[in-house]
Amino acid sequence: MHELMNTNDQGHLTIGGLDTTYLAKKYGTPLFVYDVNKIRENARAFVDTFEHYGVKAQVAYASKAFSSIAMLQVAKQEKLSLDVVSQGELYTALQADFPVEKIHLHGNNKNVAELEMAVKYNIGCVVIDNFHEIELLKDILANYQTEMDVLLRVTPGIEAHTHDYILTGNEDSKFGFDLANGQAEEAFQRLQEIDTIHVKGLHCHIGSQIFETDGFIMAVRRLFDALAGWKKTYHYVPQVLNLGGGFGIRYTDEDQPLALDGYVEALVTEIKLQVDQLEMDFPEIWIEPGRAIVGNTAVTLYTIGSKKAIPGVRDYIAVDGGMTDNIRPALYQAKYEAVVANKVNMPPSTTASIAGKCCESGDMLIWDVPLPSVEPGDILAVFSTGAYGYSMSSHYNRFPKAAVVFVEDMQDKIVIQRETYQDVVKNDLSYE
Ligand code: LLP
C-alpha cells in the first residue's frame, strides 16, 4: 500500500488532506499533486541524520528530478543546497532566489555560456567533469578576475542500480575522470597548476534507485585508495567528499528501500573508518538526492476515457496523459501503483492495463493493475510520480504540458500552470 494512500469519508483518495477528485475538477487533468509536507520530511531525514552524527554536510537537491521555482523555494526553506546541470536549471534557481553559494553546477559538456553564468553569479562550486572544461573555466576566471571552488568528478569503477552493482577497472561512462587509468590524477595535477581554481574535494555518483549501501561503501573505499596516494604525493587532504545521489524509493511492493537515514549512517561510518586509517580530518560530506526528496511525494491524476477489451488477451483503459507526462514506463519499464481516486474503497473486480493517449503502442503507464469497474470520467491516481515525471515531460503529439499543484496545511496552490495551445505553438513561425 502506498504511503500516500489516504481516503476521506466519501472513499476518495486524499493528498495532504485534500480530496483528489476536488483537485482534479478544480485544475483539470493530467495533474501532478505534491504533498509539500512529505518533501520537507524527506529533506529533513537527510539533514537531521547528518546533524545527529555531528557531521558537516550539504544535502544538495538534484533539481533534475523536479525543478520549478516553487520546488526550489521549498528546497531553500529546508536549507538544502542545489545540484544543477544546465543553464536552465541554474536560471530556475536564480529565479527562486536560491542562495548562490549553495548551488553546484554539473554537466559533462558545460559550454562557455554555462560556465560564465556560474562565474558571473559566483555559485558555490563547479563539478569538473573533463579536461576541456578545465581550460574553459580557467580562461573565464581570468576574464572575470575571480576564483572558483571545484570538485573533481571521478568514476570509481562502480555502477549501481537497485540491488546490482558492477565493479569495473575502467568504467565506461561519459561522466567524470577515471580513477583506475590515472586520468583523475592527471586532471588533479592540471587543476593544481591553476591558482584561481581550488579543488575542494572529489565527487562521484554511482547510479540511481539504489537500495543497498554496498555500492556506496565500495565507492568511498575507491576514493580513499586514491586519496591515500594523493596525500603522500601532493600532501592533499580534501575538504569535501560528494557521494552523489541515487538513494532508492518505493514505487511498488517490489521495491524495498532503506530508510533515508540508513544511507547516511553507512556513508558516515565508512568515511570515519577511512579517515582514521589515513589520519585525515573528517571531510564535509555532500550528497545529491533527487528522487529520494520528491519521488514519493506526488501523485498524477488522470481522467479515464476510452476502454478496449480484448477477450482472452487484455483490457486497456486509456487516460488523458501518458508518456508525455511520464516517460519512465516506456523508457525504463518502470512500474507504478495506481488507484481509482473516486472509488478507492471499492474492491478490485478486474485487471486492466493503463494506456496513455499518445499515438504510440509503447505509450503505456501500467500493465495489468487490479482495478474496480471503471467508467469514463473516473479519476485515476498514479503514485510516486514526483521525480523525473514533469521534468522529463514532452510535447509529443503536441500535448500541452500538465499543471502542478502543491498541497500543504490543507491548502492547494498551483505552482506550474497547465500549458495552453498558444504555448504549444509559441515558437512556431509562419512559412506563408
Ligand atoms: N547526482 C548526479 C551527478 C546525478 O547524475 C544524478 C542523477 C543525481 C545526483 C540524482 O540521482 P537520484 O538521487 O535522483 O537517483 N531519469 C532517470 C534517473 C536519471 C538520474 C540521472 N542522474 C529516472 O527517471 O529514473
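Backbone N, Cα and C atoms are what each Cβ position is placed from, and that goes for glycine too.
Going through R250, R291, R418 against TrEMBL, the one listed in the substrate site together with R328, Y332, E360, Y388 turns out to be R291. Regional average pLDDT for the domain 'Orn/DAP/Arg decarboxylase 2 C-terminal' (33-386) in the model is 96.
A Cβ distance below 6 Å to any atom of ligand 1 is met, among the recorded positions G246, R328, C359, E360, Y388, by G246, R328, Y388.
Listed in chain order, the residues near the pyridoxal 5'-phosphate site other than G246, E288, P289, G290, R291, Y388 are A62, K64, A65, S208, G245, F247, A292, I293, G295, A387, each with its Cβ within 8 Å of the site Cβ centroid. Site extent for substrate: among the recorded binding residues R291, R328, Y332, E360, Y388, the largest C-alpha separation is 27 Å.
Under the DSSP three-state reduction, P289 (pyridoxal 5'-phosphate binding site) is assigned to coil, being neither helix nor strand. Taking a C-beta cut-off of under 8 Å and a sequence gap of six or more, R291 (pyridoxal 5'-phosphate binding site) has these contacts in its own chain: A62, A65, S208, Q209, G245, G246, F247, G248, I249, A387, Y388.
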